[in-house]
Amino acid sequence: AREGYLVNKSTGCKYECFWLGKNEFCDKECKAKNQGGSYGYCYSFACWCEGLPESTSTYPLPNKSCGRK
């Protein structure tokens with residue numbers, strides 16, 4: 001299994017979060033069907049996800065750099 005920052009596939013940005021550590025939003029996003037992770041929490045103001053399948057993309061995406069062209 002992989003781990004990494006969840007990434008928004010349309011923008012290339014990380015999922016932002018402000019409540020560090022245990023974070024319901026990150027945990028929910030991580031476990032969502034399209035991500036398939038086992039546990040998510042907030043690390044350095046972005047959602048970090050563990051237990052991801054190899055098919056799930058994580059930040060940074062090769063062709064998108066979040067707002068920078």
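Placement of Cβ uses the backbone N, Cα and C atoms for every residue, glycine included.
These come from Swiss-Prot:
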DISULFID  Cys13-Cys66  disulfide bond
DISULFID  Cys17-Cys42  disulfide bond
DISULFID  Cys26-Cys47  disulfide bond
DISULFID  Cys30-Cys49  disulfide bond
DOMAIN    2-67  domain 'LCN-type CS-alpha/beta'
MOD_RES   Cys66  cysteine amide
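Shown here: features listed in Swiss-Prot, placed on the structure.
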residue	record	Cβ within 10 Å
Cys13	disulfide bond	19
Cys17	disulfide bond	22
Cys26	disulfide bond	26
Cys30	disulfide bond	25
Cys42	disulfide bond	21
Cys47	disulfide bond	26
Cys49	disulfide bond	28
Cys66	disulfide bond	13
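Neighbours of Cys47 (disulfide bond) among the disulfide-bonded residues Cys13, Cys17, Cys30, Cys66, defined as a Cα within 10 Å of its Cα, are Cys17, Cys30. Cα separation, Cys30 (disulfide bond) to Cys42 (disulfide bond), rounded: 11 Å. The secondary structure of Cys17 (disulfide bond), as reduced to three states from DSSP, is coil rather than helix or strand. Note on proximity: of the disulfide-bonded residues Cys26, Cys49, Cys66, the one nearest Cys17 (disulfide bond) is Cys26, by Cα distance. Model confidence over the domain 'LCN-type CS-alpha/beta' (2-67) stands at 97, taken as the mean pLDDT rounded to a whole number. Of all the disulfide-bonded residues listed here (Cys13, Cys26, Cys49, Cys66), Cys26 has the Cα closest to the Cα of Cys42 (disulfide bond).
DSSP assigns Cys66 (disulfide bond) to coil in the three-state reduction, placing it in neither a helix nor a strand.
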